[in-house]
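Here TrEMBL flags 35-72 as domain 'LRRNT'. The signal peptide annotation in TrEMBL covers 1-28. Taken from TrEMBL, the feature transmembrane segment covers 209-230.
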Amino acid sequence: MPLLADWLLRHSVVMCLLLHSLVLMTFCFHHAATSCSKSCYCSQSETWGKTVRCSNLRLTEIPQDIPNDTRRLYLDFNLLTTVPANAFLDLRLLNELDLSHNELAQLESGAFRGLASSLQFLDLSSNKLMTLNPEAFEGLQARANLTHNPWHCDCNLQNVMPHMNLEPASLAGIVCQTSEPEDIGAKGNPLLLTKDLDLCAVLKKTTDVAMLVTMFGWFTMVISYLVYYVRHNQEDARRHLEYLKSLPSKQGKSEESSTISTVV
């Protein structure tokens, strides 16, 4: 009995230690996933959930330790120049993302991957965006504020904008700072409110001209081949005719046979 009691005591201690370690690890993982990002300010409310504010911190990169349960994230008034792929992939609950007043000039493909089902508002205003990469959004339907950017209005931007769910203010706030072509009257005007603005017209004309040039090239090649084929066949026919003319005729052969028979 003493041996059994000692064995049970030792195993009970081991089980308690294992259980304690498991609880501690679970707590650590939960804390890592839900604690506040370094140097940022976090708050919690029943209405909005967790809000993380990383505003005006002169950040040059998006923090990697943002809590997974964040619902509102403010990264405004920093020095961010790009949003890399998968930057917010783990923030599956994020509803609002503020990236305004930065130095953003590029949104990489997959920049907002993972946010299509949760994000409701995206603020990209007051940055240095000149164009949009449609692959950065991947089905994102969040309302977007794109005002106060130095937009370069061209056919690509005109095709992308109708697929964006824009804030009403963006309709008048997306102003062309430059345009392609330059003389089409887009510079200084709202891209989405300027009537009869077709930035793809020149591209369409260029494409049409290119198609005509290509078709003319093919047509010229076909005509050249036909001329060559006809001339080559004419030359062969001439040579064949000359060859036939050079052969002795059957009548000549018969006369020669008759002369030989008479002599004999």
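Counting starts with 1 at the first residue shown.
Glycine too: its Cβ is placed from the backbone N, Cα and C atoms.
TrEMBL does not curate its annotations; it predicts them automatically.
For the domain 'LRRNT' (35-72), the model gives a mean pLDDT of 93.
For the domain 'LRRNT' (35-72), the DSSP counts in helix, strand and coil order read 0 helix, 13 strand, 25 coil.
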